[in-house]
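As structure tokens, the structure follows; a few thoughts come after it.
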Amino acid sequence: MKKPIYKVLYVQVIVAIIIGIALGHFYPALATDMKPLGDAFIKLIKMVIGPIIFCTVVTGIAGMEDMKKVGRVGGKALLYFEIVSTFALILGLAATHLLRPGVGFNVDPATLNGKEVASYAAKAHGQTTVDFLMHIIPDTLVSAFSQGEILQILLIALLFGAVLAHVGERGKPVTNFIESLSSILFGMVGIITKLAPIGAFGAMAFTIGKYGIGSLLPMLKLIGTFYLTSIVFVVVVLGFIAKMVGFNILRFVAYIKEEMLIVLGTSSSEAALPQLMLKLEKLGCSRSVVGLVVPTGYSFNLDGTNIYMTMAVLFIAQATNTDLTWGQQLTLLAVTMLTSKGASGVTGAGFITLAATLAVVPTIPLSGMVLILGIDRFMSECRALTNIVGNGVATVVVSAWEKELDRSKLRAALSRDVSVTESAEV
């Protein structure tokens, strides 16, 4: 029997977002007090992200007959990430050249107050590429889970799953236990997801209440350019990839609409990570591929962040009348390919990564970040939405490459609506 419309999750989230915007606009002081509601929802999701990734990866790998497959899946995923990320970076650069959102500002860098972005710059300087790679190795097994470090948890799960596969029947009781634990955790996700409207309301009310809709007006051209470029990337680039694999990108976006609305409300792609993994399994992707590709993608396949990075850097250059040679722009692309890998699905991570990029490209004034500081929160939503679609498509593509995509499930799932709570029950 079809649910009444008021009980449908994505409808509840849409209504909550609209109410949050209205409260933030008309009662900003009260709206900023709603922040704990959004924070609490994200914390609840983060509470189960680590264990879910661990269980999904371990059970997926433990069931593999050929351990070489782990390296093969990982290699294909990283190859896909690099190719598509490069397209995203180039598209961001090309769109900014074409639409020129920063031209006409004529800002003197000497008049900008760099103190406002000093904290972001300090965080950006704090980690080199070697530090990032070393950080993947946890201090202890417990610390990876207690600190919610996705890549560290993924490393532990890979080793744990490989050992379980190696010991064979002796490890079967442990595998069965982890599979049962996984079912319980996804059941928890189904319960937590029902609170998504409250979380989306709180986060959106705080954003509008603190920054105000009026703060968007001077920068509408940049915001519009970013949103338009992201839509073009999803529809054209990801749409072409999806067509090559055998599915429609618009149907896929409709399939994950609940997760996208949660991301829109909370401005964090991590807020929908467990639900996305569940939906991708229901779509016909194998558990082992989902477990490997999705968590890795949250650090290495942030398409929305990549578009934002090149666009923001070039916008600052245009606004401050800083001329960049083609050689410098190619250097910018190379640097951004590295710095963007340090970003995560957390709100504000893109801005810290931008600071890291500008620190390596000294021609552009770091203080220019002040120009977009006030609107970054509004651009964060688009980054997160593009990231979640990109990671979803990547998982389907790698599953297809591995011949572990159930085409009948794919067709059935994209032809009807499957909610997270339904998936959890299954």
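Cβ atoms are placed via backbone N, Cα and C, with glycine included.
Features reported for this protein in Swiss-Prot:
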{"type": "TRANSMEM", "residues": "8-28", "note": "transmembrane segment"}
{"type": "TRANSMEM", "residues": "44-64", "note": "transmembrane segment"}
{"type": "TRANSMEM", "residues": "78-98", "note": "transmembrane segment"}
{"type": "TRANSMEM", "residues": "148-168", "note": "transmembrane segment"}
{"type": "TRANSMEM", "residues": "184-204", "note": "transmembrane segment"}
{"type": "TRANSMEM", "residues": "222-242", "note": "transmembrane segment"}
{"type": "TRANSMEM", "residues": "297-317", "note": "transmembrane segment"}
{"type": "TRANSMEM", "residues": "355-375", "note": "transmembrane segment"}
(request) Between the transmembrane segment (78-98) and the stretches 184-204, 222-242, 355-375, work out which stretch tops the count of Cβ pairs under 8 Å. (result) 222-242
(request) Can you tell me which of 8-28, 44-64, 148-168, 222-242, 355-375 gets the most C-beta pairs within less than 8 Å of the transmembrane segment (184-204)? (result) 8-28
(request) Report the listed stretch (8-28, 44-64, 297-317, 355-375) having the maximum count of Cβ pairs within less than 8 Å of the transmembrane segment (148-168). (result) 44-64
(message) Do any residues, 6 or more residues outside the transmembrane segment (8-28), come within under 8 Å Cβ-to-Cβ of it, and if so which ones?
(response) 34, 193-194, 196-198, 200-210, 212-213, 257-258, 261-262, 264-265, 419-421
